[in-house]
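Worksheet: the structure to be examined is printed underneath.
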């Protein structure tokens, strides 16, 4: 299926950089499931011959948003379409070559809204208290577009905001990586105050119609309960804790306003609030864990910890609301929540391999690669990465088994279709994260730039495009006009 050109932003080229001029579009609340790759040339307005010439001259970048479409297209064609679900990751850790393959048996795709999201990034960055250098490294537009390929523009953007929220809170927790003597207690107090106020902002949009939903969130607050009260069917923070305005409050307000306006009137947003509570509680745990330099984690404890502080469950809870087929009851199904946790753990293990060198330099012990090396001193970085990838494969098998069990447990076809749609959201997130890591091809626009992956992709994509141009010379010239 081809996308109509009306949904594609016009592109203006200035030197090597691209600026997208957004059209006045009306963004529907729902996009039908589409295969973005089927209309790659209509989206980028480029022919294979043009792309081949550009890649040969300038290489692959992330500052030309078209390149991500062509990279995803290539990976889908070379791997998924041929039944090969093992995607290469080539990087280094402390000089050791890390050459592994991430197993992920789901179809790659990329949102047709990525061009417009990329083009409006300066406007989006103005919401944050940040620098463009830091904002570019986070590159949340890329993450959301590749992990949420079938949602509307606004719904894709809100996922980008959730990922940004995680990264900017992570920036504050990063202070705890310093030696104990260098940690400033005042900054930790500020972080504790900030996350409590962020949590309160989400509570302000939570107006459950069902008393059970109110109690579900109230009980889940756990050690945060003393800070809040139940007032007229709402959960309200005691005013004495509203001591300051956190730096990223405009971002949090933007997220809350969107959820409140777009979803709350017609859908049950309780799970979004639940996942935010889980995440904020996880950050509180992280403050404790990182602050105690003698603290160690087993691999299972690490899994449990990461289940809480991964952004994907928050993003999934929002994405679930964007689709017509939706079952709130799924969240009270232990098997479904176990599937959610497996998803978080797989993403974490993939991330650990890709961040191992950066986190080694940061002396950050909370990485499965390092935890395994502590458990088995015979492992070097490369071998430990191999073991982590094996663990990720096993977790993927558990994910697939849970998927079948959940679908078989559906009481009727309508429920089965709703569950299938919600599981698909998590599958899209998994393959999206893999592609996000594979396509880190430009320094400064990825947290973990991979020069070896860049060289590999440039060589392979050049060969692939050259074959297309050779065997379909007319099509390669004219496809952009179709």
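Just so it is clear, glycine is given a Cβ too, placed from its N, Cα and C backbone atoms.
Feature annotation from Swiss-Prot assigns Mg(2+) 1 binding site to 351, 355, 359; the stated evidence is experimental evidence. Under the three-state DSSP scheme, residue 351 (Mg(2+) 1 binding site) falls in the helix class.
Long-range Cβ proximity for residue 366 (Mg(2+) 2 binding site), meaning a same-chain Cβ under 8 A and a gap of 6 or more residues, is found for 289, 290, 297, 302, 305, 359. The Mg(2+) 2 binding site annotation in Swiss-Prot covers 359, 366 and is backed by experimental evidence.
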*asked:* Same chain only, sequence gap of 6 or more: which residues have a CB within under 8 Å of the CB of residue 355 (Mg(2+) 1 binding site)?
replied: 367, 447, 448
_Same chain, not part of 351, 355, 359: whose C-beta falls within 8 angstroms of the C-beta centre of the Mg(2+) 1 site? Give them in sequence order._
352, 353, 354, 356, 358, 364, 367, 448
_With every protein chain in view, what's the tally of Cβ atoms within 10 Å of the Cβ of residue 351 (Mg(2+) 1 binding site), excluding that atom itself?_
20
